[in-house]
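Below is one structure, written out as structure tokens, with a few remarks after it.
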Amino acid sequence: MSKHELKDKKRKSVDGEDVSKSKKVKKDKKDKKDKKAKDGNDKVKDKKDKNKKDKSKTDKNLKEVQETEAHTGSETAPVGDSTAAAGYVESKELASVPQADVDTFFSENEVAVEDPESLGFRPLLSFSHLNLHSAIQKEISKFPKPTPIQAVSWPYLLAGKDVIGVAETGSGKTFAFGVPAINSLMSEKSTPRGVKCLVISPTRELASQIYDNLVQLTDKVGLNCCCVYGGVQKDSQREQLKKAQVVVATPGRLLDLIEEGSAKLAGVQYLVLDEADRMLEKGFEEDIKRIIKETKSDVRQTLMFTATWPKEVRELASTFMRAPVKVSIGNRDELSANKRITQVVEVIDPFKKEKRLLELLKQYQSGAKKNDKVLIFALYKKEASRVERNLKYNGYNVAAIHGDLSQQQRTQALSEFKAGTANLLLATDVAARGLDIPNVKTVINLTFPLTVEDYVHRIGRTGRAGATGVAHTLFTEQEKHLAGALVNVLNGAGQPVPEELMKFGTHTKRKEHNAYGAFYKNVDLTKKAKKITFD
């Protein structure tokens, strides 16, 4: 139909001519067909004009992909290839893995998956089973194989599902959420603008550690990553936020930046709550909810990683996650200690603890062990300061992290300990959760923590990433109300229970009600030990 005919038809319709419904439908279909044909001709012409310009660029990209495939042994794609950078398709190599091998993997690693949509993804037992952006594939291929939490969670995360990961610290959780998050950002044809990936962490030290790991990936793909936390000036953080696509933050400082308008989260596509149980313990629940409200649920994929799975964490997850897949590594519903850690509990007079500490340091740092890293836990910062001075007086090169130190001093202390400049680190519980300090051979609990949960998290600083370790605990009569709970943990990990500890009784304080007080249960040592469930 010509343009003049269309104009005439339109003019007649305006003048009041009655056009039947069936004719109008035919007309619309014909117009769409004509337009589609015209657009197709235009595209063919544009494509011919562009072919010569793009030929050299295409050849170059093809060469890069072929080189990467030769290096990693898997198919990869350049930036902007949505096949490799977004979504998940099981590889033929993974599909050919015998089911017996998959069953063995699940059994040996105590893996449990709650899959509400029954997707049934198989774990990625090798990096060659992945199809990621080439730079990311190359970076992670430096490691021997995916950790259990990575192997099981990656398929669901790459498929865009909300995921809850329940696993001990030191299990590779940062790359478990970092690799799919950054890979998904690379599916965009141009560099994304604004904050797209947000990781919330309970402490400054843990936030810095997560940042150090993620920047290994973001630097390789041309994205900007920044870390915001309290205790330092905001000016540099404001500037970094303007350019960052990936942000790691503590709740308090992030809320400050949101309220002043420096942090805008409406574009967040990937939200991660790391150490969620720890954040709730520290009273960040309302802060977390306020931060989440700044994001848009219809575009947000949400991840939660936690070492334990108490009622409070379950309730938080139910409020903002959509049909999440829950991946548990080990028996994380109940409190249990790493079985690779040798636990030694010594009942002692409280006034003899610091003298005994010096004896233990000679024991654990003698001969071939003189350079071994030892992490010492005190309960309060005043105690930590006093013990630090005493150790330095006795000639020990000790670093310390506790509340009386500035953020710069704490960061410096951690750096010295990681580098081996100082082989003793004295800490309060600020360092008990989440921090990945490699090669800690021994943990000494100079003063027992306020809860057995904190005890388990403290000793978890050793025996990480498949290694073994020793945890030596000085226990006094002042902590006798925790004796029963400690006995349960020792029995659950197959560790010896000293007779002196049994003298304090074997009741376990389960819960306390404002009106009815505490409820207790007795430990029957003739039966197989049951682990404690905190609800």
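FYI, residue positions are counted from 1 along the chain as it appears here.
Note: Cβ is positioned from N, Cα and C throughout, glycine not excepted.
Taken from Swiss-Prot, the feature ATP binding site covers A167, E168, T169, G170, S171, G172, K173, T174, and the record attributes it to sequence analysis. G172 (ATP binding site) has a Cβ environment of 21 other Cβ atoms inside 10 Å. The secondary structure of G172 (ATP binding site), as reduced to three states from DSSP, is coil rather than helix or strand.
According to Swiss-Prot, the feature compositional bias 'Basic and acidic residues' maps to 1-21 (among others).
Per Swiss-Prot, compositional bias 'Basic residues' is recorded for 22-33.
Marked as compositional bias 'Basic and acidic residues' by Swiss-Prot: 34-72 (among others).
As annotated by Swiss-Prot, domain 'Helicase ATP-binding' applies to 154-327, with the evidence given as sequence analysis.
According to Swiss-Prot, the feature domain 'Helicase C-terminal' maps to 352-505, an assignment based on sequence analysis.
Residues annotated as region 'Disordered' in Swiss-Prot: 1-82.
Across the residues of the motif 'Q motif' (125-151), the predicted structure has a mean pLDDT of 91. According to Swiss-Prot, the motif 'Q motif' annotation covers 125-151.
For the motif 'DEAD box' (274-277), the list of distant contacts is 169, 173-174, 177, 199-202, 206, 210, 304-310, 312-313, 316-317, 433-434: same-chain residues at least six beyond its ends, Cβ to Cβ under 8 Å. Residues annotated as motif 'DEAD box' in Swiss-Prot: 274-277.
The Cβ of G170 (ATP binding site) lies under 8 Å from the Cβ of D436, G460, R464, A465, each of which sits 6+ residues away along the same chain.
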